[in-house]
Structures are given as structure tokens and as C-alpha cells.
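A.B. asks: The heme c 3 binding site annotation in TrEMBL covers B:H116, B:C224, B:C227, B:H228. As annotated by TrEMBL, heme c 1 binding site applies to B:C144, B:C147, B:K148. If you look up TrEMBL, you'll see B:C182, B:C185, B:H186, B:H319 marked as heme c 2 binding site. According to TrEMBL, the feature Ca(2+) binding site maps to B:E230, B:Y231, B:K280, B:Q282. According to TrEMBL, the substrate binding site annotation covers B:Y231, B:H283. As annotated by TrEMBL, heme c 5 binding site applies to B:H294, B:C332, B:C335, B:H336. According to TrEMBL, the feature heme c 4 binding site maps to B:C301, B:C304, B:H305, B:H411. Per TrEMBL, the feature transmembrane segment maps to B:12-33.
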Amino acid sequence: MIKHLVPPPQWRFPVMIVLAIFIGLALFIFKVSNASSYLSDNPETCVNCHIMAPQYATWNHSSHREWTNCNDCHVPHNNVVNKYYFKAKDGLRHATVFTMRAEPEVIFIKKEGAEVVHKNCIRCHHQQITDPKLVATVDGHSSHTQDRKCWECHREVPHGRVNSLSSTPNAHVPLPTSPVPDWLKRYTDKNKP
Amino acid sequence: MKLFDKRPWLAWLMFFATIIVVFLLGLLASSIVERRAEATFVNVPRTDISEFEPRNEVWGENYPREFQSYYQTADTSFASKYNGGAVIDMLELDPRLVVLWAGYGFSKDYKQGRGHYYAVTDVRNTLRTGSPADDKSGPMPSTCWTCKGPDVPRLMNEHGVAEFYKGKWARLGSEVVNPIGCADCHDPKTMNLRITRPALIEAFERQGKDITQSSHQEMRSLVCAQCHVEYYFNKKTEEGANYLTLPWDKGMNVEAMEAYYDEMEFSDWTHQLSKAPMLKAQHPGYEVYSTGIHADRGVSCADCHMPYKSEGGQKFTDHKIQSPLNNVANSCQVCHRQETANLIANVYDRQDKIIENRDKLEELVVRAHVEAKKAWDIGASQAQMEDILMGIRHAQWRWDYAAASHGASFHSPVEIGRVIGTGIDIAQETRIKLARLLAELGHNQEVPYPDIETKAKAQQFVGLDMERLNQEKKVFKEDVVPEWIKEAQAREDS
């Protein structure tokens, strides 16, 4: 099979050049898009894309900051395969929207994502909503976990109510720094006219 | 390659397909680079701010919301049970302080501080800074300006750090005119938090820590720790300079700092009544905070004192730095879901309990000072008094550590309870020694507690001529300060 793909001798040189460009470009994209970081749970990954700055900033000023990162709430945690499948699916959609410049001014969560977040609320706050003491005193507390989303009542958690791309203009967010290495910067600075 | 021998067009197809893919990949790459470049324009300032720009108004042109909320620190309407932004004359409230600080500036005048906006005005107005007539007179060194505003980093950069710490307070009267503000905490290029006061950096270095490695969250407390800490003026660091130094080399708790001071035989002043070599706790807010539960949970100073705020559709950090009790919704309730009244009651409850014992300790130390004076009066020798004076020094240091670290009874109630507890123990041990000594010297009855019902009576008791001090201050405010302001105006206009 591999033999079939090897080009005839007179083609080898141009194919090699084109393939090398192809691989080089792919590596470049891998580097500038911080592609490897998408495998991690680091919240800084999500602000690789600057339109996520308000989400990062509001989370960083919330009580959830000390205990959760973006993935704790926004990807499923029932198993590892599902986690990365969901992450890849969601991530590719985000990347496409971002590249096409189709992002809306106010980002709303999709139905599927909302389901995931809701399940994650319950995953961590299981004790609070199934505590028999509370079931007895708070009427219908456990049934409410079925017929509505947590944030229909807990509306400020954790991003607050104001939600738009321009809601946090001067917030300090760890946006990706320049991909140009220091030595190159020093060199170009030195050779400035 | 039979495949291509039979179908030469296939080779061409593959060749051109690869070229098209490479071309599209190139487009994608350039779009990623472009959108990344966009991120650097998320925050584009309107005007350039120079490296040490001290005028908050200039920064305010770029960051109007932050500036305007900073400006609200001028508001003095909020007073909580014990603190807040209103002026409280602490000596009036608690005249025992006059006796505790007898012979030291604080017995003349001590008021609860107002907001950052008043940093410069209040330091000019207090009787503690005296009424200097020229650059070389007055009781205070220039080091007293260190925390008063963003003119300080500018001056330190122009003249050098040690040079700044030299000379008298009045020398820099026309230089430090802008109150604590933007340039004290922010880098003008990136708006990142930065440390501008060398004392904190030096203290970290002596502990073998690199302050530049601090995280953003740590910086949200460390920029406050530049000033809200315990410090002293070291005269041995550089000839002629009152070098601002943090006593953290042995650790940051009350005993470690005391051991540090004892070892170098440092004292802020000698007490007028007891002749004890005294320590004045400044405001070890950061040290006390770091022993508390909030610090342990990763909550920074800014989280409560500068919480997130939204105005219309925009969110920003509230730069009205104030008591969180005046803004419970945005500070406490981000984490604590209880009612405002409940939360405030919880704070007051802790403060009440701490102050109950603090008052007790205070009274014991006043008694010890008065009894020590009696001992001197009836002929005690230096050798007999030595132990007792150390006891008074240590007891009052603990009282002051608890009193001066504003908000301590909230920041770390258990630690402060412990500190006051050990203070009461030391004070009583010292008074037992004093009682024995007095008996030995032939005085075997109670030394009467002085009549210090009011501030005026207490100041009379320690022999302060308040009328003269107030008169001199009035002349100073009318004659000298306007000259400073005029000079500063001319400099800033040029």
C-alpha cells in the first residue's frame, strides 16, 4: 500500500518540497494555536481565544475559582472517552465559529452544554441537594433538580448575570503571549532603524 | 509506480491538491495569527502613560471606571462599629492610648484613617508630623512619605532609594502631593500589578524569595502589603538615612518580629513614665491576614476590599477600597450565602469578643506604666527594673500588634485572641514583679489608677501642651502647605 503512495522518481523532488511545506505549516499552526494545551484542564487554555476573556475574568472573581476550572463544569465527567469526545466536538465548533468570525456579542450555552453543566452541578453538590434534612424542610427540593436547571434560581453562579464580549474591557486575563521568541525580539529590536 | 503509469492525471491531481491544502493551511495559520494579534488590542489606552506618572487623573483618562471608583475613597460617610471610612478620634474614644504612647507622637494625635484619597492631606494635618517651618526642621523623617502616593516611586527613581530616606519630612512636602493611586500598584504599559516599594522586595530577598515569581492572585495581596505591614526605620543600613525595613527575617508572627527587634536592641521610643524601651506596632495587616482562614482559602485582599462590580453592561474591579461591611453583597456574599445582617453580626461578634480582652490588656499595661513610674520615683535601680521594663515592652507590643493591625479581629480572630492572651499573661507577670519591687522599696499598697477619663485629662496627665501644638499646626497649614502646593503645581504644569 505504502509503495503505491510513493511517487515516481521524476516526481519525488517536487512532492518532497510540497510535503515539507505542508508539515512545516502544520507544525506552525500547532505552535501558534497552543494546540497541545487543549489536552489539559488549565483554564488558561480557554483564553487562548480572547473572546473567552469575560468568562475567564468572571470565573476568576467568583467563589468557584478556588475549586473548579472550566472543564470541571463544561465537559462531561462520566468517563474519559466521553470527556475528550465532547471536548473535541465542542472545541472544533468553537474554533470554526471563531475562525469564521461568526461569534455573537452575547454567548449563550447550547442545550447539550447546558445538560452537561447541570449534571456537573449535581456531581459536586450532590450532598446539598439530597441531604435528607433539607428534603424534609425545603419542599420539593429534590424534584426541582429534575424539572429545572440549577441556574434558573442560582443566577449569579459563577459568571454573574452580565454576559457579553465587551463586559470586562480591562480585566486581567492570561491571554497568550507573543509566539515570537525572546532572542528574535531582541534581534529585531536591536536592528530597528 | 503502476498507479501513475496508467493514470498520469492522478499524479497531477495529488500534486495540485496538496498545494491547495497547503495554501488553505496557510490561510488558517494567518487567521490564527491575526486573531491572536487582535487580543493585544483588547485594551488599547487612549493616551500614553509615562513610566512614573503620579497624577491619577492622567491614568483616569484611559480607565475612567476604575478611576472614578477610586475617587469615591473620598467618601467618609461609612463607619462600622469599630472602623470604616469616617474620621474617628481614637484618643477621644479611648484616652488610655495617650498614656500608653506617652512621650511618643501618637499621644498627641491619632485618628482612624480615612480613604486613600486623603493620604496626603491627613499626613499634613496630623499633629504627629509637627509644624516644620523649613526643610530641616520638624520631628519626622522623609521616610514618613513612603506610603503616601505615586510621587514616591517617581522620586525614588529620580534620586535613588537611600537618598529618598534621608533628611526631614518637610523636605519632600512639595514633592509628594498626589494621594495613593494608580502608579503605586500598576505598570503603566501593561496595567499588570507591580511592587513599587523597595522594602517589601528587600524583605522577600532576605528570606530567599523572589517576589517577581508571585502569581497574579498573590499580587492582589502583595500590592497592599507594600504598605499595610509592620515596619521600622533602620538607621544602620545607610549613613544618614532612615531606611524603611520590614522585620520579617525571623518570621512574620508577633514573637518572631519581637525576637528580631530584641536582638538588635531596637526601640521606637523610651516611654515617658516607665522609661521602658518601647516598640510601636505600625499596621501589621498583611501579617495578621496571612494567619487567617481567608488567606488559607486563597482569598486575596482585593477579593473583599475591591470586589468585582458591574455598571450597566460592564464589569470591573471596584477601586473604591473600603470596608467590605459597606459592600457585603459584592464581597462576602460571593461566597457566603447568608443574609447581610447575619454576616455583619458575625463580624461584630468576633470584634466585640476580641476587644473585650484587648481593653483588659490595655488597662493592665497602663497600670504597669504608672506602677513602674512609682518604682522609679521611690528609688528603684536600673538593674531592678530591667526585667520589668522588658515585660512592659513585650506586653504593649502585643497589645499594639492587635490594635494597630486594623481589622485583625476579623482577619484572624484566633491568632489575635492568642496574641492578646499572651499579652495579658506577660502584663500580669510584670505587675507581680512590680508589686514585689514596690514592697521591697517600702510601698506596699495599690498605686492609684490615674484620672484619664477624657483625652484632654490624659494629655494633661502626660504633660502635653496641646494649645501650643494646635496653634503651631494652624500656622503651618496656613503658611507652609499652600507654598508646597504652589510649587508642586508649577512642576506638574511644566
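Residue positions begin at 1 at the first shown residue.
Backbone N, Cα and C define each Cβ position, glycine as well.
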A.B. asks: Check B:C332 (heme c 5 binding site) against DSSP and tell me helix, strand or coil, would you?
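C.D. replies: Where B:C332 (heme c 5 binding site) sits, the three-state DSSP reduction gives helix.
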A.B. asks: Are any of B:C227, B:K280, B:H305, B:H319, B:H411 (the binding-site residues) within 10 Å of B:H294 (heme c 5 binding site) when you go C-alpha to C-alpha, and if so which?
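C.D. replies: The binding-site residues close to B:H294 (heme c 5 binding site) (Cα within 10 Å), listed in sequence order, are B:H411.
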A.B. asks: Where B:H283 (substrate binding site) and B:C335 (heme c 5 binding site) are concerned, what is their Cα separation in Å, rounded?
C.D. replies: 27
A.B. asks: List the residues of the same chain that sit at least 6 positions away from B:K148 (heme c 1 binding site) in sequence and have their Cβ under 8 Å from its Cβ, in sequence order, or write 'none'.
C.D. replies: B:A119, B:V120, B:V123, B:V176, B:P179, B:I180
A.B. asks: Do you see any of the binding-site residues B:C144, B:C224, B:E230, B:C335 whose C-alpha is within 10 Å of B:C185 (heme c 2 binding site), and which ones?
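C.D. replies: Near B:C185 (heme c 2 binding site), where near means Cα within 10 Å, the binding-site residues are B:C224.
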A.B. asks: What count of other C-beta atoms do you get within 10 angstroms of the C-beta of B:H294 (heme c 5 binding site), across all chains shown?
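C.D. replies: If we count other Cβ atoms within 10 Å of B:H294 (heme c 5 binding site), we arrive at 17.
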A.B. asks: Within 10 Å of B:C301 (heme c 4 binding site) (Cα-Cα), which of the binding-site residues B:C147, B:H319, B:C335?
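C.D. replies: Cα within 10 Å of B:C301 (heme c 4 binding site): none.
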A.B. asks: Using a Cβ-Cβ cut-off below 8 Å, which of the binding-site residues B:K148, B:C227, B:H283, B:H319, B:C332, B:C335 are near chain A?
C.D. replies: B:C335
A.B. asks: Does DSSP give B:H186 (heme c 2 binding site) helix, strand or coil?
C.D. replies: strand
A.B. asks: Of the binding-site residues B:C147, B:C182, B:C224, B:H228, B:E230, which sits closest to B:C332 (heme c 5 binding site) by Cα distance?
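C.D. replies: Nearest by Cα distance to B:C332 (heme c 5 binding site): B:C224.
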A.B. asks: Within 10 Å of the Cβ of B:E230 (Ca(2+) binding site), how many other Cβ atoms can you find? Include all protein chains, please.
C.D. replies: 26
A.B. asks: How many whole Å apart are the CA atoms of B:C227 (heme c 3 binding site) and B:C335 (heme c 5 binding site)?
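C.D. replies: B:C227 (heme c 3 binding site) and B:C335 (heme c 5 binding site) have their Cα atoms 27 Å apart.
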A.B. asks: Could you check which of the binding-site residues (B:H116, B:C224, B:C304, B:H319) sits closest to B:E230 (Ca(2+) binding site), going Cα to Cα?
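C.D. replies: Minimum Cα distance from B:E230 (Ca(2+) binding site) across B:H116, B:C224, B:C304, B:H319 lands on B:C224.
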A.B. asks: Count the Cβ atoms, other than its own, that fall within 10 Å of the Cβ of B:C224 (heme c 3 binding site), considering every protein chain shown.
C.D. replies: 20
A.B. asks: If you run the three-state DSSP split on B:C144 (heme c 1 binding site), which class comes out?
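C.D. replies: In three-state terms, B:C144 (heme c 1 binding site) counts as helix.
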A.B. asks: Could you say whether, by DSSP, B:H411 (heme c 4 binding site) belongs to a helix, a strand or a coil region?
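C.D. replies: SS state of B:H411 (heme c 4 binding site) = helix.
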A.B. asks: To the nearest whole angstrom, what is the C-alpha distance linking B:C335 (heme c 5 binding site) and B:C304 (heme c 4 binding site)?
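C.D. replies: Cα-Cα distance, B:C335 (heme c 5 binding site) to B:C304 (heme c 4 binding site): 11 Å.
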